[in-house]
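S.K.: Please find one structure pasted underneath; my questions will follow.
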Amino acid sequence: MERIVLFLAIVSLVKSDQICIGYHANNSTEQVDTIMEKNVTVTHAQDILEKTHNGKLCSLNGVKPLILRDCSVAGWLLGNPMCDEFLNVPEWSYIVEKDNPINSLCYPGDFNDYEELKHLLSSTNHFEKIQIIPRSSWSNHDASSGVSSACPYNGRSSFFRNVVWLIEKNNAYPTIKRSYNNTNQEDLLILWGIHHPNDAAEQTKLYQNPTTYVSVGTSTLNQRSIPEIATRPKVNGQSGRVEFFWTILKPNDAINFESNGNFIAPEYAYKIVKKGDSAIMKSDLEYGNCNAKCQTPVGAINSSMPFHNIHPLTIGECPKYVKSDRLVLATGLRNVPQRETRRQKRGLFGAIAGFIEGGWQGMVDGWYGYHHSNEQGSGYAADKESTQKAIDGITNKVNSIIDKMNTQFETVGKEFNNLERRIENLNKKMEDGFLDVWTYNAELLVLMENERTLDFHDSNVKNLYDKVRLQLKDNAKELGNGCFEFYHKCDNECMESVRNGTYDYPQYSEEARLNREEISGVKLELMGVYQILSIYSTVASSLALAIMIAGLSFWMCSNGSLQCRICI
């Protein structure tokens, strides 16, 4: 009995000095997905998917957009009378055009290679309008009567501001031969047109000559157009049509015009004074007096995140568009407060801290650390070195992911004419395919990195555990839950030496050996006592059973229930 009491006293004494290795926990409810699991609660996480915008059109890097309101690009460049506010425009960061602007080609017709012209604008930030052929220089032709009720201004007939519709003068239309030399250092955008009358009577009334042409030539262009006279349905009250053309005139090049009728001559041209990243965006939004780095048709984005799911079309320094609803990177640990007392699952990359059944909410100044208890008390202490290394590693990884993904990335709608619908459909399918690939890559990246991060934390906890185990050796007992029981007294100074890696094993080894042997001896003696008691119990119970059987047999024989015969 004295041995048992001594054993219990020793066990009680040793249990009072313990050190445990554990990790931080908090009240976070943030969840992430990994390759192996979904909705894993973690202590810290970082969202890398931007989902919000401001619903406005903003300046990009301080430069306002050119918002054409009810005008189209064609209406702006040709000078539709209803677009006079855009006759001279400052530098723009991008151009905004509505889906179906009402002020486009007021006189019905067509704009040749219109989609290519819009593509040109995607690399232009500023035009300077200059006069190349003054209206007053057409002394042999009528340069003021070429107007139409289809292009009204202040209740009167008018025409496009930047071109001149030349008609006969004094019943004559002399052949035009006019040249312009580009002496500027910049490229010039030049526009002109040809008129297609409704019938022969209109042809001779306007131009006198029944058979006419318009010829244009530069060092790279050789074009000859002939009017097509035909009866057509009226559009905007007009049966005639106009067809507009454009070209880029390089510095030191010349453009030559020759025509004997139906010529719509250029008065102004556009000097391309600044090239850069621009685009034409389809949107009905108004300017919001704001500044941003990234613009979408539904609003501006101000974000450093690498991905967004707001709109596939963007302009500026934008995150990459993905179709995902959620992309969250784990930056902290699995959040398993100790009260839950459930074992952690092991991950794909070898999560190895599953022997610890919960985190500590009491440890707030680090991710990994210690809890000790001895005669002087108990407390938590973070291992700041391993915590800082982990923070630096994860921060660098997150920043690396963001830097690699968050490059200047923009995608704008491409323009196709009616003859290119199959190309447009193919282009849309290809873009959808690219978006699917981007989305898959982004989601897989997040799942893989989250798995690695959580396993990285588990590995750090295990490394801390091994650091303590290798120091203590047989001076302490592993309890299997991340804790060690000392076989010797370990005061606060001793605990600190374990934590900082300076534990003096020889100093405590003799005390630990004696306590360990004492506990082992008590265990052996108790085991011998238990064996004697078990033998005695077996013999006694067998003897009692034999006596009971003999008594029962005697009783049954005496009352005749059992016949007993003894044969010799």
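Yeah, the Cβs are placed from backbone N, Cα and C, and that goes for glycine too.
On a predicted model such as this, the values are computed, not experimentally measured, just so you know.
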S.K.: Which of these, CYS58, CYS71, CYS557, shares a disulfide with CYS290 in Swiss-Prot?
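M.R.: Out of the candidates CYS58, CYS71, CYS557, the one Swiss-Prot links to CYS290 is CYS58.
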S.K.: Select, from ASN27, ASN559, the one residue given the annotation N-linked glycosylation site by Swiss-Prot.
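M.R.: Among ASN27, ASN559, the residue Swiss-Prot annotates as N-linked glycosylation site is ASN27.
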S.K.: Quick one: which of CYS151, CYS318 does Swiss-Prot link to CYS294 by a disulfide?
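M.R.: In Swiss-Prot, CYS294 forms its recorded disulfide with CYS318.
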S.K.: Are there recorded positions among CYS290, ASN302, CYS490 that sit within 10 Å of CYS318 (disulfide bond), Cα to Cα? If so, list them; otherwise say none.
M.R.: ASN302
S.K.: Pop the Cα-Cα gap between CYS294 (disulfide bond) and CYS71 (disulfide bond) into the table, whole Å please.
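M.R.: One finds 24 Å between the Cα atoms of these residues.
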S.K.: With DSSP assignments reduced to helix, strand and coil, which class does CYS83 (disulfide bond) get?
M.R.: helix
S.K.: Please report the number of other Cβ atoms within 10 Å of the Cβ of CYS318 (disulfide bond).
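M.R.: If we count other Cβ atoms within 10 Å of CYS318 (disulfide bond), we arrive at 25.
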S.K.: Can you tell me the CA-to-CA distance separating CYS58 (disulfide bond) and CYS294 (disulfide bond), as a whole number of Å?
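M.R.: Between the Cα atoms of CYS58 (disulfide bond) and CYS294 (disulfide bond), the distance comes to 9 Å.
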S.K.: Can you check how the pLDDT averages out over the topological domain 'Extracellular' (17-531)?
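M.R.: Taking every residue in the topological domain 'Extracellular' (17-531) and averaging pLDDT yields 88.
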S.K.: Between CYS490 (disulfide bond) and CYS151 (disulfide bond), what C-alpha distance do you get in Å?
M.R.: 97
